[in-house]
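Visitor: Let me begin by handing over the structure; questions about it come next.
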Amino acid sequence: MDEDGPQAQASLKKSTSMNSIKSSESTGSIGFSKSWLSWDILPSEWDIFWLSTALKLLLFPSYRSTDFEVHRNWLAITHTLPMSKWYYDTTSEWTLDYPPFFAYFEKFLSIPASLIDPKIVDLNNLNYDAWSVIAYQRSTVILTELVLGIVLLKFIRGSVEPPIQRIVSASIFLHPGFLIVDHIHFQYNGFMYGILLWSILMARNGNKLASGILFAVLLNFKHIYMYLAPAYFVYLLRSFCLSPTGQIHIKNFLSLANAVITVFVVSLGPFALMGQIPQLLSRLFPFTRGLNHAYWAPNFWALVTATDRVLLKYAQLTGAEITINESGVASSSRGLVGDTVFAVLPNVKPVHTFVITIVFQLIWLFKLWRNPTYKSFLTALTLSGWTSFLFGWHVHEKAVLLVLIPLSLLAAERQAYFRTFVLASVAGVFSLFPLIFTPTESIIKVIYSTIWIAAVYIPISRRVYEYPKSITYVIMDTLEKVYLAGFPLLFLFVSAFPLMRIQQPSVTNVATSLETCVSADPLDISCPEPLATVVQSTPGVSALEFLPLMATSIYCAVGLVWSFMRLGFIYLHEESTYQGQLSEIK
Amino acid sequence: MHKRGIKQWIVPGVIAASTLIKVAIGLGSYSGHNTPPMFGDYEAQRHWMEITIHLPLKQWYMYDLPYWGLDYPPLTAYVSWLCGIVGHFINSTWVELNKSRGIETAESKVFMRMTVLALDALVYLPALLMFVYTWQGSRSRRTQELSFLTLILQPALLLVDFGHFQYNFVMLGFTILAMNFFATGKDLWGAFFFVLSLGFKQMALYYAPAIGSYLIARCIYLGPVQGLRLLVRLAVVTVSTFLLLFLPWLPPFAGFSDILQPITRIFPFARGLFEDKVANFWCASNVVFKWKTWASSGFLVKVSTTLTALGFLPAVAGLIQSGITHMNVTKSEKTDQKTGQTPFLPLLPYALLTSSMSFFLFSFQVHEKTILLPLLPITLLLSGAPIDSAAYSWGVLVNNVAVFSMWPLLKRDGLGVQYIATLLLWNRMIGYNPVRLPFKSFVQLFSLAVYAAAILLHLLELIFAPPARYPDIFPVLNVLISTPVFFLTWLWSIKCGVEVGWALGGLGRNSNPATASERKATEGTSGTATSGTSLLSANGSGLSYRQSGNRTVSLGHAAAQSSVASALRARASLSPVELLKNRGSGANAGGGAT
């Protein structure tokens, strides 16, 4: 964190000066207000900033998941313990399991925290929830998110069509995913995605070295971005280290390699010297989890699992001659918890998910290798993350941001991209809804997401609309609209279902069960078993109990899988059919 | 085409966004949260739901009075009853008699917050929308939208009703509805809604002098025949509405003395001059002059009543005088306007401001939340005002200081972060910049000084604990900063009232015929002499009067017509909808839309 400062700042400055020239040309007629507070920022952009900041401030007292305590605990660990003990401490169950840069970041944040209220950084002060720590941690989320805001502004300044990019930038800054996951649930995704977008911005501006360095930095903040690494690797190798004819640029290659190695040395070096790398890795990659997360992430495996359940029901009802795995029957009666074992379909092992992911990745990477432009890189990056999300082992619903954020940058390109973006965003954001289950916050998440999608849809759809060209497209268009129209119905079902169940006693409240579940899910830790036992004790009920969650997961998975296929198709036909404004960037 | 498509989404968007803000404020704490045994205003409102649905009507004003006995007029009781029925249907434990006292479950809190939101959507939102479309019917769509935004995000009301927990906007909404109907010439409907406002919360009496004298002036203006007819009708409507509201406590449904139950509860004369620290004349002057030790309570009540009456007298006199002046306008013109609004309608907001501010400053038993009443008319004035007008400057200053004056209350409620967020949001959304250079008027400099003092006080409070000898030092300093602002606003409202009165009616009767015909001409040419487009005629007349050398009409925004366009453009470039608007051309910051 500290080490990337100077370099990063230098590149930021460079791009500022470069873009300010461009923007003053392209937006000369706007007439900036000469108020003392404006640094080349339009009033409308300030409006968005203040509006969202006010809302985020109002969300201070909202529901917090245990991620809040996780991060508070990390403040305490990094503040009170020497570095050598960071990855060994087990005072709290929420041990440090992010890469070192994030630990440094927490160390940095813990300094003001200790001045504001020393109890925040007290290692044994578990589940501390005084107003001081809430206000402090929530503020740090808002403040670090400024990185995202600034980067998104820079995106507008040098873009091909600033008005369109302004909408796209605003849509990312105001993304419901960030509101739900960061400002209610509590995480630092805004900051992380700020770095990611910064890196993408550098790629767009042609500064590929900076792009690579920033991505390396990002990886050392949170390792989930490894999902995107293949696209980065191919893109930088092909377009930065090799000439178009295939000759290697030794100088570029060495500078990139050295820079990336330096980043990793700064991050991991101290721990390597202490011989703690195995311990660190075991914290980062705990391989002891099931195929599906507690609440199925809306991916391919959710569909497969659902198919298995349907087939099992079919077999049980008709007595069809299908070999049934008995442990799979037990697994299916356990709702959504624990390791997933199929009853009818062959079981899935990590290696299977790995192979499928690799195969799909290779398609996009091959295409990227042949056409290493910015737009191609962006699409491949999105598809790369998307592939991992759909086919990965034990994927989290929150990882859908990995798809939605880069995809947003493509949203206004053409009607085809836009429709993909709308489908994926609606499904993806809806799939995040179960994270927030307290009543007032639920109202907020729904209203906010609705406003957001309307505010993005209305202006962009007018801009990019194209008539469906053939009967196939008309049918597809209609089906997609029907699918989107299903979301309000799904929402009605999901919210009405618990109310109907309340009438019947002896049913554990969905909200409370879910609470146990979600609260045990800081980052990548699966649900603890106690819930499973609760559910097992009433097997007949449990299947219904989780019906809303299952329905949400499956319905969203349909949209995400379909829009994934859409984007994949578009990508493979990009050069011939789907040229847009981003194609102008070389 | 693109722009038009976006435009129709602005009002729904503003409503949705404001709803979001309101719900988000509701996440926070509320009055009396977790403070047994009495809790606070939240518990009072919930308790009223509890007693109204469980007790017979006769006991509503009698039951266990020390524990938040009902002391609001019957409409509040009826509304509580309705909300209580809904609450009882969903979960009967929320409003169980006696047992539910101090209930603070997450679900019951959500329910209570939702009743506020529902009533807001039923009364206040429609009232605001109608206000924008009647009082600013002739203004550009963008002005209307900005005005709506200004009103709907008014921070003081948001904090008190959606944070602290009350239903003030119902009372205010009814008053706005009354004003809307006055503006469209439907005086009887106006009177009806004002009685509803009074019937919801007796605090609406602060407006009564202005509304009453407006209606009397209107009767005078219409001349002996029509005026008398209107007067009788108004009396019938007012009295029968009151009777309807109080019907259960009146014969034949109750004994003769039963009406005293609600009345004595609604008007508790037995309390002192002031209780908490409130930024009015009595509390502020109490710092140097200990009223309570100096004079008896009865005498002080008399003094304060006299001062209050003197305080709102200018407004009453101004309205009546306008009525008399305009009565002498030629008959032919009057018949034209018979169904339309009265020419002195622009006086009404100023009169409301003068009257309510005088009550706030001088009457007894004032709460800090009562500042919401004077805030309503000045925010209505502010809402349509161009950014460099006096109404804008005063309106923003008073709004901000009003929120500041409630800081001790909000701090007690645990609404500190909401205080910052709503102030930030509103000032940004209306495009306010206190340090906009160069300073053009006294009020700008004054505002800056007040803000500096307020921020300094907040910093002091943050850093230092109050000295043991003066535990109330910070609230008192708060009062000392806020009171002068409210006092000056009161003076300013009187001044504006006089100016507008002059401009409308001229100094004497002689000047009338010429200017009246001139105004008629203006109206005719601009083709806006319909009843719906009330204010443009006022604007038009303002211009013509200025040309004839008289003082300018000012409804806050009517003055300086020529600068309106540029000012609007300045504000427009700050508007939150700019992003959407901009997307078409990508370059034009508002010029295209005006």
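Placement of Cβ uses the backbone N, Cα and C atoms for every residue, glycine included.
Predicted automatically and left uncurated, TrEMBL annotations should be read as such.
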Visitor: State the residue range annotated as transmembrane segment by TrEMBL; the candidates are B:74-90, B:278-294, B:414-430.
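Guide: Going through B:74-90, B:278-294, B:414-430 one by one, TrEMBL flags B:414-430 as transmembrane segment.
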Visitor: Looking at B:188-208, B:230-250, which stretch does TrEMBL describe as transmembrane segment?
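Guide: From TrEMBL, the annotated transmembrane segment range turns out to be B:230-250.
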Visitor: Which one, B:230-250, B:371-394, B:414-430, has the most C-beta pairs under 8 Å toward the transmembrane segment (B:473-492)?
Guide: B:371-394
Visitor: Counting only CB pairs under 8 A, let me know which of B:9-30, B:116-135, B:299-324, B:371-394, B:442-467 has the most with the transmembrane segment (B:414-430).
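Guide: That would be B:9-30.
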